[in-house]
Structure formats: C-alpha cells, structure tokens
Amino acid sequence: MLLWTAVLLFVPCVGKTVWLYLQAWPNPVFEGDALTLRCQGWKNTPLSQVKFYRDGKFLHFSKENQTLSMGAATVQSRGQYSCSGQVMYIPQTFTQTSETAMVQVQELFPPPVLSAIPSPEPREGSLVTLRCQTKLHPLRSALRLLFSFHKDGHTLQDRGPHPELCIPGAKEGDSGLYWCEVAPEGGQVQKQSPQLEVRVQAPVSRPVLTLHHGPADPAVGDMVQLLCEAQRGSPPILYSFYLDEKIVGNHSAPCGGTTSLLFPVKSEQDAGNYSCEAENSVSRERSEPKKLSLKGSQVLFTPASNWLVPWLPASLLGLMVIAAALLVYVRSWRKAGPLPSQIPPTAPGGEQCPLYANVHHQKGKDEGVVYSVVHRTSKRSEARSAEFTVGRKDSSIICAEVRCLQPSEVSSTEVNMRSRTLQEPLSDCEEVLC
C-alpha cells in the first residue's frame, strides 16, 4: 500500500521536470565545422530508443547512442532540432521529448566575385588582371584562404594564396568564360564565383571588297552585289559601302564575317569606284577601291577624272592671256592707220587702169611711214562704187610698197594721199582719188 502511494506522488513530479535537452556544438557553428548533436537526459539519466528531428521531421534513430554527427556544417544545416527517448525510472520507463534548439550556421565567407582589370573587354595586347575577391568572417579571420582560377573547364592556376591572375599581352584567343574558386586551408568549404566573360577586342583587318555581276559589264537594269569581309576583328563589325567617297549603304555583322549589298543599276551614275569600310570598337579600315564599268558607258564618274580640276583654272588663264594679246595686237594695228579702200573686182570684159594710192602716217615728230598700193580699175566700176565695203576681199592688188620718210620729207602731220594714172593715155581710164 505504501509503494503505490509513493508511485502516485512521483508521477506528477515527472510531468513538471525537463528530462531531456538537446545540445549542438561547436557554438557558434560556421560553415565547414563538424556539427554534432547530443540528446542528454536530466542528470545524465540513461536513455534508449533515441530519435532526432529537424524542423519537426524525423532525422535519425539510435537504440543506445545519444550523439549524432552531422558532418561538415553548411548553410543548409540550419534549422530547429529536437530529440526524444525512453527515460528509465525505477520501477517504470516512459518516453520524453526535448525542447527544440535553434542551430544557426554562420557563413565563413561569402561567394567570391571575379573581376577583370581594367575591363572585361580589353584591347588586344593590353595587360589584363583577374581578381578574385571575398572576405572571412571576423570571428574566423585567422584562417588562410586559397584561390584557384579556371577558364572554359580548364585550370589556369591551382590553389594558392594569391587572389589575382595576370594575363600579359592579351590575345583574341584569351577570350572566354572565367571563374575562380576559394577554399580555407585545410577546410572543406569551397565556393565558386559566377562566371565572367572576357572578350579581347582585336582591331579589324583591312576588308576585301568583291563585285559580283554577270560575265560582262553590267548594263542599266542589271543587279550588282558587293561583298565585304574583314578576315579578323572582334564583333560586332559595322560595314559601310562607298561610291566615290559617298556612302551608299551599311550593314552590321553582330558575329563578324561577311556582309553584302545588292542593288540594281539605275543609270551611268552607278558606275565608278566602290569601296567598303569595316569598323569595330577598336579600329576602322578601308578596302582597296574596285572599279565598276557599265556596258556602253563613255564616261565613268571615278576619282581618276579629278585630275582635270586643277588644270581648269590654268586653261582659263591661258585663254585670257591669248585674248589679251590679240586685243593688244588689234589695237596697235588700228593705231597704225586705216588701210586703203578695197576695190571690188572689175566686171568681165571691162578695161582696167592702174591706181596708185599713197597713205602717209606720222607716228612721231621725227618719223613717218608711207603706204603705197596699186590697183587697176575701169570706168565701168564707177557705177558700183557705192557697193564698196571694207569687208570685201576680192580686190586685185598689183603692188604695194612701204617707205619710211625722213623728217625733211614730211612738212606736216597730216595724211597726204594722192593717186596718179599710168603715163600711157587710156581712153577709158581716169584719175581716181582715194
């Protein structure tokens, strides 16, 4: 009777006592630490049938062992843990469950970040530095981190203490996807950076222009295709087409390679020197010009005809000099005095007589010139004397004489003209005054 009374008094005390509790160590827990859970009874009370739970879900069962090794802790190891087990009290055994314990796993260092200096798109031949950056937790700053670098699935540098990798004289072949990995020395944590694309910018080579048309020179209405290609150069590449330095079209090649321009020949103005230009972020190059001739065209608008431009002013100047010389000559000829009146040709069968005409012209005080002209005329021509004009050139000149007079022979500056007939008397001839 006394035994049952003692048991009844003991049971309420059991309900009020925390018989189990869960411990996690180390504390605090960092990534890579060996995480251990221990389910312990009050005052080291023996336990059996121990079960572990995380976030209310069954995790592990052990008949006798009260300790559970979780291995290297990770961020995914965080959670609320608890345990349960059978507690043995004389003379009975009952099952108890511990309170939950929150396990926080601290990040040892954040994932690294890879950067390229001075730029992930460096110019060909420049120095490129890859830098892998991260930082240890202040409570674990005494650890030593090791760095490794990789590209397109290949290891460029094994683990070492240097967080940088230098690429001297970058080439187009150095373009690709890079990343780095960081791990503490002797630890099991390893973190990888996001991939970084490095694109080495190579200058474009001189493009090659090709003309495609029929076997013969194209005519108006035919189609002509221009192909432009730069053998090397980092994309994207912008291609521009020119006709005699005037742009006629452009195309972009996002991946590089060849681009084309197709157009119909509309007129002879489509003939000339064609060229193309390739340009990227580094350089710009122009191709050799290609001449397009049209069938039956006489004149091509090509830069070769530009040589006429510098000679045009010289030609005009030469013409002006010749015109001025002619003008001076005509004016000096006119100052020399008018020529005698021209005599029209005599009518057929008419009698002719000689006609002498002297013209005296004094240019200065001490000199003079006498012009003598001999004509033959007849009386029948008198009726047509009104038709005489200066523009007639068919008069018959028998002889002409130019004689210079001395000052003693000239009495005045007036012009003295006289005419005389032949000494032989002619019935149909008469004296004519000019």
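Here the Cβ of each residue, glycine as well, is placed from N, Cα and C on the backbone.
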Residue carrying phosphotyrosine as stated in Swiss-Prot, selected out of Tyr89, Tyr274, Tyr356, Tyr371: Tyr371
Recorded disulfide counterpart of Cys228 (Swiss-Prot; options Cys180, Cys276): Cys276
From the candidates Asn250, Asn273, the one which Swiss-Prot records as N-linked glycosylation site: Asn273
9-14, 177-182, 237-242, 369-374 - the one Swiss-Prot records as motif 'ITIM motif': 369-374
Helix-strand-coil residue split for the domain 'Ig-like C2-type 1' (20-95), DSSP-based: 6 helix, 51 strand, 19 coil
Overall pLDDT for the domain 'Ig-like C2-type 1' (20-95), taken as the rounded mean: 89
CB within-chain contacts under 8 A for Cys276 (disulfide bond), separation at least 6: Pro207, Leu209, Leu226, Cys228, Tyr239, Ser240, Phe241, Tyr242, Arg286, Ser287
Entries of Cys39, Cys83, Cys132, Asn273 which, being recorded positions, have CA atoms within 10 angstroms of Asn65 (N-linked glycosylation site): Cys39
Cα separation, Cys180 (disulfide bond) to Asn273 (N-linked glycosylation site) (Å, whole number): 53
